Every structure is written in C-alpha cells, then in structure tokens.
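Peer 1: Heads up, here are the entries from TrEMBL:
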{"type": "BINDING", "residues": "C17, C53, C88", "note": "[4Fe-4S] cluster 1 binding site"}
{"type": "BINDING", "residues": "C161, C165, C168", "note": "[4Fe-4S] cluster 2 binding site"}
{"type": "DOMAIN", "residues": "8-125", "note": "domain 'MTTase N-terminal'"}
{"type": "DOMAIN", "residues": "147-379", "note": "domain 'Radical SAM core'"}
{"type": "DOMAIN", "residues": "382-443", "note": "domain 'TRAM'"}
Amino acid sequence: MKTSDTPRTYKVKSFGCQMNVYDGERMGELLEAKGIKPAAEGEDADLVVLNTCHIREKATEKVYSDIGRIVKAGNKAGRDPMIAVAGCVAQAEGEEIMKRAPAVGIVVGPQAYHRLGDMVTKAVAGERGTDTDMPEDAKFAALPRRRKVAPSAFLTVQEGCDKFCTYCVVPYTRGAEISRPYTDLVEEAKRLVDAGAREITLLGQNVNAWRGEDTAGHSVGLEGLVKELANLPDLERIRYTTSHPNDMTDELIAAHGEIDKLMPYLHLPVQSGSDRVLKAMNRSHTAQSYLRLLDRFREVRPDIALSGDFIVGFPGETEAEFAETLHIVDAVRYAAAFSFKYSPRPGTPAANMDDQIAPEVMDERLQRLQTALGRHQHAFNQASLGKTCDVLIERKGRKPGQWLGKSPWLQSVFFDSELKIGDMVRAELVQAGPSSLQGRVLDSVPA
Ligand code: 5AD
Ligand code: SF4
C-alpha cells in the first residue's frame, strides 16, 4: 500500500457491542483532531476504519470480504482508500491480516487506538503498521476531548474481563479488567452533558466490577459513580451495561431504589438455565442464585425491566438442559433479550470440548427460545399500555413525520407529532407492538 496524500475524509464502520460504538466515536474524534473530516452520507471516504467484532460467527471472513468490497469500489472510482482494521478481530488476528490483505495499511487493537493518528501519518508515507499492544498507559488520557454528542451518550468506565467464560474471546481480545479513574469519568461525563447528552450509559464488559476512589479518597463501587453523576443537574438519565451476576453488590442493588435518575432497567446475562451447562461455561452462578438476585432488584424497584443474553447449543447441551433455559425465561419474564447460537471461538476452552451441537439442532432451539422471549417482550409492552412516562427522543422514524425515542424501560416509542432530537417528552403509551410502542405527547420540555 502506498498512499501519498493525507486522507481528507474518513468513515468508521463499527460492528458488535456498544463499546465498539464508543471506541468508533472516539477514533472519529481523533481523526477529526488531525483535520480529517467525516465523509458525507453516501460518499466514499479516503480512510475507512473497520471497527470489528470477534465475538461470534465468521467475524474474520466478514472482515476480508468487507476489505475486498472497499478495494473494488475504490478501483472502480480510480481511488485507493486507506483501510484500517480496528477492534477485536484486529487484536486476535494482527499480523495475519497484514499478510492476507495487502490493501490494509493499519491494524490497531482496542487498547492501542489512541495511536491511530500517528499510524495514519506513517501509512501516508507508505509504512504499514500493526499495533495490538495492551499498554498500561492511559489510552483515554491521550484521546482528544469530546465535542458534539447524541442525547443518549456512551461512556466507557471499565474495560476487559477476568471471568474467562469458556466460550468467550473477550478476555483475550480486550485483556484484563481495568477501571478508569473516578475523577476522569466525572470530568468526561460533565463534558458529555455540556456537549448535549441528557442520558449516559456507563459501559464495561463487566461494568459492575468497576471500582474507584472518590474525591475523599474512599474506595467506591459503581453505585458511588452513579450517585456522583446523578448530581449533574442537566443529566437526566443514567444506565449501565453489561453486568455479571457475581459482581453484583448490595450497594448497587440498593442504588436502584434510591437514585431516580438511574433508569429501571437491568441487563444481566444468564446464558443458560441449566446448572450443568453454567458450570461447563465457567459462569460460577446457578439458575437459582441468578433468580434470587433478580428478586432483590424487584424488591427495591418493582417496575424494573430485565434483559439478558442467552447462548443455545453450548457443547453437550441436551434437550432437557435447553428446556431449563426456557424455564428460566418464563420465570424471569424478560422485557428484552439477546440470544445467540453457540459459536466456537479459536483459542477458547469450549471450542475443544466434545459434543459440539449440530447446526440444525441449534437453529431449532434458537427459534423456540426467540419465540418465548418475543412473547415476554410483547407482554411487557402490553403491560405498559396506559402508562405515562418520559421519552427521550433519539432520532427520526422511517415514516415521514415520525419520531423515535426511548422509555425509561428502554422500549422504543414512536410518535407522529413534530419533535426534535434531544426532546424529553412526557408521553402516554397508547399502543403496544411486539418490539415497540406508540406514544402520545402530553407536553414537551424544550431541549
Ligand atoms: N458464541 C455465542 N455467543 C457468544 N457470546 C459470547 N461468546 C459467544 C460465543 N462464543 C454472547 C454471550 C454474551 C454476548 C455478548 O455474546 O451471550 O453475553
Ligand atoms: Fe465474556 Fe464471560 Fe467476560 Fe462476559 S463475563 S465478557 S461472557 S468472559
């Protein structure tokens, strides 16, 4: 690859989790600080960053086909875009990508992307570079300040994972658990609010394992950070994701009953309802201990909406064990959920386990699970009918004149009235569908 001109425009394509969305935004800010502008909608960018996900399926193959497509489009237009591969596939594949895809100029891992600007400079000079270090240095401190943000913004507070669930690549691609310092986070949250955020979602692979030291020097958990952020007058909503059942503390549970700005929603993955499977997954909780934990949330916040992640077809999963997953779904009555077919990840213990489940069995189980989850989501939406709540408007809907926002329970709510992004409207929920609701504006608080 030889690109003699500094790119004028960039595009970051983020796949996978919300942390990738956050990282993608930060990479964009970093490129803008270098004078590279975001490409307009539909315009081919001079620099394309593929911010990849490695958690499931044929992630690597997808990256190569995306690269192929970018090169082809470039050839057709007589241009030669610079391609950077970032995210977890970059971390896992590193040099392999450089070998297989000569069009790629930059490979940068999730812990090293603060160096992307320098890598672009080098790539302009024809020097390809791979950086998949996991340095102890402060990536976040090296990033430029946040400027304009959406009304619902992400803030990464914790990264990495020490849990080593036997199916999961995250401990390898994102590294060991680290918590960002309290004061840095409060500062970043203030800047997000100044830049227009009315809701902040605190992100971490195990966000509830976050610990820090408050300004008085006391060691605090996530509830301490949430309490401090709740003092920001213009911040109206706080959420956090993703949590692990074993890191849940009494203090964080109690916070759900004490802090109004902490939204009544909890994403707490269970993965399976079978204790045998949970043990083989190294989850170190049981179906019962998980249910008891949720009971405690419901005690302090009876209207809390619960969400989870599920894997079907983990190696050795029997029909009876899968039925236990369906049982836990009925016991919890999830408001929302994410469910996946087990996907062997190279280098993880489960990938070498006997008894891998046939794809057609997985398909069939996933379908049954999703039917059950859909039924509960619809029932949850129906139970919301007639309620009055605040909805934060996030974007236009697909139909002309339609607007879309989120309820406190993270439901999508559509409106037909004229609104704008960032409005917090008082609304009545007047119609419920399987995955969204229709709202009627009662009055609107100016943004
Ligand atoms: N196969 C299928 N699903 C997986 N997840 C993580 N690793 C795998 C895998 N190898 C799911 C888990 C996790 C979510 C982010 O992705 O449910 O909670
Ligand atoms: Fe992966 Fe388990 Fe860590 Fe979640 S807790 S990131 S599933 S290893």
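Indices start at 1 and increase along the chain as displayed.
Yeah, the Cβs are placed from backbone N, Cα and C, and that goes for glycine too.
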Peer 1: Among the binding-site residues C53, C88, C161, C165, name every one whose Cβ is found under 6 angstroms from ligand 1, counting any of its atoms.
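Peer 2: Going through C53, C88, C161, C165 in sequence order, none turns out to be close to ligand 1.
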Peer 1: Taking 8 Å from the centroid of the Cβ atoms of C17, C53, C88 as the cut-off, which other residues in that chain fall inside it around the [4Fe-4S] cluster 1 site?
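Peer 2: Here the non-site neighbours turn out to be F15, G16, M19, N20, T52, H54, I55, G87, T173.
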Peer 1: Whose Cβ lies within 8 Å of the mean position of the Cβ atoms of C161, C165, C168, the [4Fe-4S] cluster 2 site, other than those residues?
Peer 2: K163, F164, Y167, V169, V170, P171, Q205
Peer 1: Relative to ligand 2, which of the binding-site residues C88, C161, C168 have a Cβ found under 6 Å from one of its atoms?
Peer 2: C161, C168
Peer 1: Other Cβ atoms within 10 Å is the metric here; tell me which of the binding-site residues C17, C53, C88, C168 scores highest.
Peer 2: C88
Peer 1: Counting each residue once, how many in the domain 'MTTase N-terminal' (8-125) are helix, strand and coil under DSSP?
Peer 2: 59 helix, 24 strand, 35 coil
Peer 1: Where the distance is taken from Cα to Cα, which of the binding-site residues C161, C165, C168 turns out closest to C53 ([4Fe-4S] cluster 1 binding site)?
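Peer 2: Smallest Cα separation from C53 ([4Fe-4S] cluster 1 binding site) among C161, C165, C168: C168.
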Peer 1: Quick one: pull the CA-CA distance for C161 ([4Fe-4S] cluster 2 binding site) versus C88 ([4Fe-4S] cluster 1 binding site), whole Å only.
Peer 2: 13
Peer 1: Once the chains shown are all counted, how many other Cβ atoms turn up within 10 Å of the Cβ of C161 ([4Fe-4S] cluster 2 binding site)?
Peer 2: 23
Peer 1: Quick one: average pLDDT across the domain 'TRAM' (382-443), no decimals.
Peer 2: 96
Peer 1: List the helix, strand and coil residue totals of the domain 'TRAM' (382-443) as derived from DSSP.
Peer 2: 2 helix, 34 strand, 26 coil
Peer 1: Quick check for the class: what is the C-alpha distance, in angstrom and rounded, between C88 ([4Fe-4S] cluster 1 binding site) and C168 ([4Fe-4S] cluster 2 binding site)?
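Peer 2: Counting only the Cα atoms, the answer is 12 Å.
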Peer 1: Between C168 ([4Fe-4S] cluster 2 binding site) and C17 ([4Fe-4S] cluster 1 binding site), find the distance joining the two CA atoms and give it rounded to the nearest Å.
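Peer 2: Cα of C168 ([4Fe-4S] cluster 2 binding site) to Cα of C17 ([4Fe-4S] cluster 1 binding site) measures 14 Å after rounding.
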Peer 1: What is the separation, in Å, between the Cα atoms of C165 ([4Fe-4S] cluster 2 binding site) and C17 ([4Fe-4S] cluster 1 binding site)?
Peer 2: 17
